[in-house]
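**Student:** Per Swiss-Prot, the features are:
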SIGNAL    1-25  signal peptide
TOPO_DOM  26-893  topological domain 'Extracellular'
CARBOHYD  Asn70  N-linked glycosylation site
CARBOHYD  Asn91  N-linked glycosylation site
REGION    202-226  region 'Disordered'
REGION    241-264  region 'Disordered'
COMPBIAS  243-256  compositional bias 'Gly residues'
CARBOHYD  Asn318  N-linked glycosylation site
CARBOHYD  Asn399  N-linked glycosylation site
REGION    563-585  region 'Disordered'
REGION    814-867  region 'Disordered'
COMPBIAS  841-862  compositional bias 'Low complexity'
TOPO_DOM  915-1074  topological domain 'Cytoplasmic'
REGION    946-1063  region 'Disordered'
COMPBIAS  972-984  compositional bias 'Low complexity'
Amino acid sequence: MAPGMSGRGGAALLCLSALLAHASGRSHPASPSPPGPQASPVLPVSYRLSHTRLAFFLREARPPSPAVANSSLQRSEPFVVFQTKELPVLNVSLGPFSTSQVVARELLQPSSTLDIPERLTVNWKVRAFIVRSHVPASQPVVQVLFYVAGRDWDDFGVTERLPCVRLHAFRDAREVKSSCRLSGGLATCLVRAELPLAWFGPPAPAAPPTARRKSPDGLEPEATGESQQAELYYTLHAPDASGGCGGSRRGAGPGVGARAESPTQHPLLRIGSISLFRPPPRRTLQEHRLDSNLMIRLPDRPLKPGEVLSILLYLAPNSSSPSSPSVEHFTLRVKAKKGVTLLGTKSRSGQWHVTSELLTGAKHSTATVDVAWAQSTPLPPREGQGPLEILQLDFEMENFTSQSVKRRIMWHIDYRGHGALPDLERAVTELTVIQRDVQAILPLAMDTEIINTAILTGRTVAIPVKVIAIEVNGLVLDISALVECESDNEDIIKVSSSCDYVFVSGKESRGSMNARVTFRYDVLNAPLEMTVWVPKLPLHIELSDARLSQVKGWRVPILPDRRSVRESEDEDEEEEERRQSASRGCTLQYQHATLQVFTQFHTTSSEGTDQVVTMLGPDWLVEVTDLVSDFMRVGDPRVAHMVDSSTLAGLEPGTTPFKVVSPLTEAVLGETLLTVTEEKVSITQLQAQVVASLALSLRPSPGSSHTILATTAAQQTLSFLKQEALLSLWLSYSDGTTAPLSLYSPRDYGLLVSSLDEHVATVTQDRAFPLVVAEAEGSGELLRAELTIAESCQKTKRKSVLATTPVGLRVHFGRDEEDPTYDYPGPSQPGPGGGEDEARGAGPPGSALPAPEAPGPGTASPVVPPTEDFLPLPTGFLQVPRGLTDLEIGMYALLGVFCLAILVFLINCIVFVLRYRHKRIPPEGQTSMDHSHHWVFLGNGQPLRVQGELSPPAGNPLETVPAFCHGDHHSSGSSQTSVQSQVHGRGDGSSGGSARDQAEDPASSPTSKRKRVKFTTFTTLPSEELAYDSVPAGEEDEEEEEDLGWGCPDVAGPTRPTAPPDLHNYMRRIKEIA
């Protein structure tokens, strides 16, 4: 999330040259329009969600409705939030602009049944488990466990504010209610409701006391006879003032048709149905036959550690038959295995004489019991009589560490006078000893769904699991560390070896609505069912332009990361060439394309069926570009390359596949073709729009209660003084495609923004991009944007312009009822031949001249490539006047000193020129003229002297040039007016002179050394009608020295224009000095 922006408030001018391509962090780039030519540009904002655990941006599979259509000033983006602990924050940014909005709770959970005040319950679901689906009349209690799925188990702060759950059991028109409150780290509670006996059917016939038969799930004996059905529902309600939920309540009584309470105000949510039955009467003891004469009886229930077990020995009926051995005297040998201790024996009847001997060993204990008939009469026949009780044996169950164990007791009978029974006929009694009397186990997952993004990222997605046990007395225990587990299909879902979480690793190939993992505890087992969503393959890859071409006239520097394989050169040589010539080391720019990857998460409805269920419905595509960004590949890196995770650029002509590969197996998850053509396109239009601020709004997406639609609108009007604005820039190509300027690196171009009316708005360069600053109210095409090639590729003294465009601007102080939208579709002005046009001036790159049609002076500010990220601006565009910083004060003071120095220099020059301009030349006949100043004197000779009237005073260090006669002189010898001229000596020996009078004369130096000199001498004119003339310095060529021409014919004579000797010598000396 972008931090809160500070500094100069308000909006700023967007140089999209430094926008989305350099945006930070896992911001979510705005999705481009569907592939193909775009009719108009789209506001290139970037969305980013924070404070979420699992969320996706979406796109409609069908064309968007007009309500969500995008334009150059509006951008809509749907998204969905699956998992979050707090309210998400949506940030939208455009260059330096950024605004955020908290997603309202009503948008995240529009119809949540689990409502907790001041608590976010997104994706929370109340799950209900029926402990026993068959309820016997002997235990007429229905038990239902409730827990909250989708909640973070580490979130302990909410446990004190969880609601109550009320169970409603209905049988015909009768109802029974019972409540409990969700609590604890797992947010669970167990509801127990006692059912009336009238709800159960008639009793079933009695069954013999045989060994207990268990149902397949090991929870309950199978019901026999006809069962009755009862329906279970639940409601949620807030606890009372004391924090309780109220006890169980029953209807008006058995058989009464009306309910005792008014219907609840909360919606009834169905749980399921249970079966009610009357089991046959069952004895509490189970019988085991030791042989045909003797039997034992023991309790029909599991045993607990430390419990004393009493086993009774009986003489079975029909035991005195002729085939049976005599039972009047026998010896019973008992061996108890480790974990069972034989405490003692005692006679249960005076008719039997019992003596015993006990031996306790390290591994087992044994007892030898001698039993004899105590009466003098023989044992009477037992036909038709019940069992005869003989003796009682007491055993103690020892402690153990496991949850349940099996203990064995071996029985051996030796009849006196008869051989022992074969070993195979020896009886063995097996006892079950348990730590707790568990009637059911239930696996609970923190969430009921898994979105298998591991297929795309290679990162495991895991869901924690807890297994709880429910005892007969209603106690709930955590037995997660004591269970065993196994996945029914590891191609869908897996489970950890410690059974503490289920996961997907990315190697799965399908999903399921009821993926099952089985957990086992002792003889009990229970399944955990999950919904697993997998991405639909192949992935859908969208390119904004699948055919990339070179752009005419757009030259960019050849950099190592862009250079084609065929053009690779030594980097040092390239840098040297770039310094030598701006046209070398550059190549034509290739078009760029944005890319996005979409998919749909789906699953199968049930095992063995092909019915496909799509998450969020078939109308939505989920964007997964960020998830697969590390696994994108360009098939041929010589043809194209990836600028970043969302941009492709061409390198050389060819066709290459662009694909997304699996992070685990390198299999191709999605693929599309990219073509780089040899054809060239030109920039037909540069489109620019002013963006003064951004407005973000959130609302439910039409037709879907789960998705949210974010809409960003750009405001164009600058509404207060010194407000800053930015530009949104788009390029239109001759092939019909458009692209934001932000797709291209700022080092590949230059952007010049000029203000055509500085009274209304100015352009400044405070940051890494130009900003438009409001100065006064006004509207119209007050700005001008000019796109040029990179400075390193500019030709000498030329500026190659790619495109120009006027930009509409409106400054109105005060808030309008609605912000008018300006659209300036007028074509830009690209240079001929793809924009390689020279600018209207010879200034260096980066300077700008006002457009000829501009109504006032224009200023320009070139865009330089930014070297750092955008500086922060205030979130929400709260703009306030700012004071000058210390740095700015120092810079302004330094600028003022420079301006003052320049002003003083100019005033001095003007005074100097005006002072000597009005001096007059002395009258004719004066023998000397004093030159009051000489700008330059360089030479090795002595001051020159010229004979006659042309000689200067002795005090002058440099002689003056001879005066020419005026152009309208008379042959009668009227007085000639001398003018002092400017003599400009140049390094090549040439000099500029008057258009009418130019002459050359050789000059000789009176010294042995020669130097060339530039000097200028000013003097005054005798009248305002006279103009300055130039006296040229002679060439070194001897032939030219002999052909000097003069403007006064009476000086050289009527026949041949030759120079007087004195003047000839004078000119030669000047030549030598020059």
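Note: Cβ is positioned from N, Cα and C throughout, glycine not excepted.
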**Student:** Can you grab the distance from Asn70 (N-linked glycosylation site) over to Asn399 (N-linked glycosylation site)? Cα atoms, rounded to a whole Å.
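**Tutor:** Counting only the Cα atoms, the answer is 74 Å.
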**Student:** Measure from the Cβ of Asn91 (N-linked glycosylation site) and count the other Cβ atoms within 10 Å, all protein chains considered.
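**Tutor:** Its Cβ shell of radius 10 Å holds 19 other Cβ atoms.
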**Student:** Which has the fewest other CB atoms in a 10 Å radius around its CB: Asn70, Asn318, Asn399, the listed glycosylation sites?
**Tutor:** Asn399
**Student:** For Asn318 (N-linked glycosylation site) and Asn399 (N-linked glycosylation site), determine the Cα separation and express it in whole Å.
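**Tutor:** Per the Cα atoms, Asn318 (N-linked glycosylation site) and Asn399 (N-linked glycosylation site) stand 40 Å apart.
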**Student:** Compute the C-alpha separation of Asn399 (N-linked glycosylation site) from Asn91 (N-linked glycosylation site), stating it in Å without decimals.
**Tutor:** 62
**Student:** Give the mean pLDDT for the topological domain 'Extracellular' (26-893) on the 0 to 100 scale.
**Tutor:** 79
